[in-house]
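What TrEMBL records for this protein:
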DOMAIN    3-443  domain 'THIF-type NAD/FAD binding fold'
BINDING   28-33, 52, 60-63, 76, 121-126  ATP binding site
BINDING   162, 165, 441, 444  Zn(2+) binding site
ACT_SITE  177  active site, glycyl thioester intermediate
DOMAIN    308-367  domain 'Ubiquitin-activating enzyme SCCH'
Ligand SMILES: Nc1ncnc2c1ncn2[C@@H]1O[C@H](COP(=O)(O)OP(=O)(O)OP(=O)(O)O)[C@@H](O)[C@H]1O
Ligand SMILES: [Zn+2]
């Protein structure tokens, strides 16, 4: 009761009623998410739905205060809800799942919320939720922290900057040849051990066997040089042999793996004279290091100390045996996890042996854990400050604060810690006003977005022509309209292509979640045409009875038509960015996607996902 009267004192009776009927979505129940859940409950939001894909890990307990030791391996979302039940006056709905899974969380599911809070730790999911909020015009409170830094950005779709309006820091990348042939820093050897070697040996799905002809043909080798392709092919086949040793648990052949990686492969590299003209040559591992490995159980080594090479090799043999034994129990697929001691020690010892060979300083296991796990220490206080501000700002976003009403969304403020905002004056927090959408943002400015909802019964018979007619009618387009499936840039119709118009949406694979783009190809006498329109296809059972299709109420402004030269210039610019990325043949720290149970580091965006296999990337992300 005391809590309620305090809130009423701040927001007033009417706003309190509104607060009680507000439904919010909280994405992420980690560091910021745990804090936010507590804050939203204390503020007495009516309904809070919490999504998190992960389970609780020991390393979360220092700051994710809703979790205890006994909760390890339990889903974060349900555990968080259980932990707050005793002081909770809100309806809480937990989900374990990836927010980007449109089967579990279709767009109309997002549509039930009045406001969304992001408490995520990766760009891909942040971008995805930002896009959903734009389609639905649902306000989003975006937030993140890294160490002592943090930010909160309220996003009012159509009115203020979206998450993608400003360019995000580019991920750390390394050229493939540095990683594979000429490492010069500890990080290069760690990336090699973690992203390349570990995956090849302990993930039997990363099957380097290329006997399949199709695969062979479609393979992007990253080069057209036949000798180079043959060398990579041979290396890949040899790796397959090493993987076979691991999968068939031939412990007595572990020394062969070590010899191949640290003696034979290095000798082969030494033959490429060009590489060593300006660099110090590597020295293959002394074979006696391998022969000296004893069968004794390994001695207790201090994880914060730097081990001798003998100890590195001894420990590598020991931990490889342990991982081999785990393979059948884990369906021949073990993933690197900084908190899994076996995987960490494998990566640490192989990285260190490689460093030793290339005259690079060796690191302790503890140091390698920090680097391989991309750990920027998470500070509980920063999370608490950011979550507190995010929940407070949400009151202004929902216009519930009687003493600070908002007249225009750009009256709202973001909040940054001093360092994150580069305003390192004598203030810890800065709170600039929100900017309007950037006119170049591909997510919120270049197109108008909305949702077309189609009842599942109508969907079966709806043709593309039917849909185009409805769009033309509703938004006053002329006949010259082109239609594109944005997922694969497939042209569906334009003034001289009408083959698909009489097919049903289902026939041409326009399924739930497809984003269809309609472009006005006809400019008026003033050289103006409609801004392109992107509609999210939402097949739903929840339309009001009697309604089969619902088109969004949107104003589609007339804009200056892009001339064909401008369009070509734009395309060329995009292509050249893509080309540069491919040509550099970049390798980055991690290619793991969050669709599986664990996610550590993410692909930066879909474009990166399309890069060749060898071009994985590293993203050090904000929590
Ligand atoms: N696509 C996604 N769908 C749902 N939840 C996600 C998604 N991506 C990340 N998350 C969740 O967002 C939360 C972010 O929290 P936080 O930054 O504290 O990370 P953490 O994994 O708990 O900690 P750390 O990465 O430091 O070990 C995590 O609980 C994570 O599982
Ligand atoms: Zn934007």
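Cβ from N, Cα, C; glycine included.
Sequence features, as recorded in TrEMBL, placed on the structure.
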residue	record	Cβ contacts under 8 Å, 6 or more apart
28	ATP binding site	51, 52, 118, 119, 120, 121, 125
62	ATP binding site	380
162	Zn(2+) binding site	130, 133, 134, 155, 437, 441, 443, 444
165	Zn(2+) binding site	435, 437, 438, 441, 443, 444, 445
Quiz item: So which of the recorded positions is most packed in, judged by how many other Cβ atoms lie within 10 Å of its Cβ, out of 177, 441, 444?
Solution: 444
Quiz item: About how far apart, in whole Å, are the alpha carbons (Cα) of residue 177 (active site, glycyl thioester intermediate) and residue 124 (ATP binding site)?
Solution: 27
Quiz item: Mean pLDDT, the domain 'THIF-type NAD/FAD binding fold' (3-443)?
Solution: 87
Quiz prompt | Those binding-site residues in 28, 31, 52 whose CB falls under 6 A of ligand 2, listed in sequence order | solution = none
Practice problem: Just give the helix, strand and coil counts over the domain 'Ubiquitin-activating enzyme SCCH' (308-367), going by DSSP. | Solution: 41 helix, 1 strand, 18 coil
Exercise. Taking the recorded Zn(2+) site as 162, 165, 441, 444, identify the other residues of that chain whose CB atom sits within 8 Å of the mean position of the site's CB atoms, giving them in sequence order.
Key: 134, 161, 163, 164, 437, 438, 442, 443, 445
Quiz item: For residue 162 (Zn(2+) binding site), what is the secondary structure state per DSSP, taken as helix, strand or coil?
Solution: coil
Self-check item: Residue with minimal Cβ packing [other Cβ atoms within 10 Å] among the binding-site residues 52, 124
Solution: 124
Practice problem: Enumerate in sequence order the binding-site residues 28, 31, 52, 162 whose Cβ-atom distance to ligand 1 is under 6 angstroms. | Solution: 28, 31, 52
Quiz prompt | DSSP-derived class (H/G/I helix, E/B strand, else coil) of residue 52 (ATP binding site) | solution = strand
Exercise. Kindly assign residue 177 (active site, glycyl thioester intermediate) to one of the three DSSP-derived states: helix, strand or coil.
Key: helix
Quiz prompt | Where residue 124 (ATP binding site) falls in three-state DSSP terms | solution = helix
